[in-house]
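Accompanying notes for the structure given below.
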C-alpha cells in the first residue's frame, strides 16, 4: 500500500514528514511519488495563519472526491483534533505522536477512525532516520515547543511546552548523517536558543554548536529560529570561532514600538534588542542578521509604525519576513484585542516596509560585486540556473550541472540585485 505526505509550513514540518515516512516504510508501506499514486494521503499541516489553515482544509475536500484515505498531522491536527473527522479525515496524529503513525494508518485501513495525541517524542529513533529529502542537507529538530506565549501566536498551543533532546542523541544523529553523505545541517526549534534549559544539566545551544563543529565531514551548521532574550553571546562566540558555523542569525523582533512589543508579550524592550544586535556585531562583525516583523497589530498607531521603520533603517537586516497581522482563533490577541487597524492602512504600511527592505537589500548586496565566495550547491532553480548559499545565507545563482549538488564551490559575483546574486564558478573545492 502506498502513501504520500504533503507538507505545509515550516522546516520542522519538513523534518516531521521525514520521521513519519521512516516509520511507515519500516512497517512495509511504500512512499508514492505524488498523491494520485497513493492510497493514503497524509497532510502535515500549518495553522500559523488562516490562509495556511484554509489551504489544507480545501485539500481535504479535493482528496475526498478522489476516495483517498486521509490523515492529518502537524499543527492543524493539534488545533482541530477529532473535528477533522467531520470533514472526512480517517486519522489524526499529534505533533508529538509521529512514531505512532503506522498504528493510525493500520486502524484506518480497517475502517476505524484514529486520533493519537500522546507524547511519544522519546520513542523517535533519529539516529537511524538517514533518508532525507536532500542528500547533502538535513533538518535536525533539537527542541520542541515554545514557552513564550506571544499573544498573536498559536504555536505554544499546537506544539506544547519546550522539550529538548539529549545532546548525545543529537550528536549521534549528526555523525550518522555525515557518514551517509550529509555535509550541511540545520538545527531547528520554535525557540532554538532555549535548547537545553529544560534539561537542567548545563546543556546549551552554544555547547551543542561547539561539539558539532568537531564532527568530520560536516561543512556547515545553521540554526533557527531564535528568541532575543534567549540568545546568549556564547552562541555568537561559537559562530565567530568556526568557519563551519554559518554567520547567519535569524532574530525575530516583530515590532519597533515598546507599546506593541508589550501587547505582543515579547518580553524585551526595543532598546534591549538594539543592544543585543550591537553586541552580536561586535563579536561577529560580518554577521548576517535577519528578522520577522508584523504590521498592523491591534492599536498600532502611525507613531508605532514609524518606530518600526526607524528600526529597519538603523539595523539594516539582510533579510526581513513581513506579515500583515490577522487574528488566529485560540490566541490571546484573538480573544482579547480588537483587530482595529484598517486593512488599507495595514496594506500601505506593509508596502512601505517591503520597498524599504528592497532598497536595503540592493545596497547591501552591491558590496558583493567582484567578490569570490564559498557556496554549497543546493539545486537547479526554475530559471535553469543552479543556486546555493554562502556562509552568510546569500542566495547565489550560476551556470552548472547536477554533479555539483552538495559540493562546495568558489563563485565570483558578477551581478547583484535586491534578491539573488549571480556569478561564475571559479573552482570546485
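Placement of Cβ uses the backbone N, Cα and C atoms for every residue, glycine included.
From the candidate list 46, 146, the residue Swiss-Prot records in the [4Fe-4S] cluster 1 site shared with 10, 75 is 46. Listed in sequence order, the residues of the same chain lying 6 or more apart from residue 46 ([4Fe-4S] cluster 1 binding site) and placing their CB within less than 8 Å of its CB are 8, 9, 10, 13, 52, 53, 56, 74, 75, 76.
Within 8 Å of the Cβ centroid of the [4Fe-4S] cluster 1 site, not counting the listed residues 10, 46, 75, the chain contributes 8, 9, 12, 13, 45, 47, 48, 52, 74, 76, 155, 158.
Counted with DSSP, the domain 'TRAM' (366-427) comes out as 4 helix, 33 strand, 25 coil. Same-chain residues that are not part of 146, 150, 153 yet have a Cβ within 8 Å of the Cβ center of the [4Fe-4S] cluster 2 site turn out to be 148, 149, 152, 154, 155, 156, 190.
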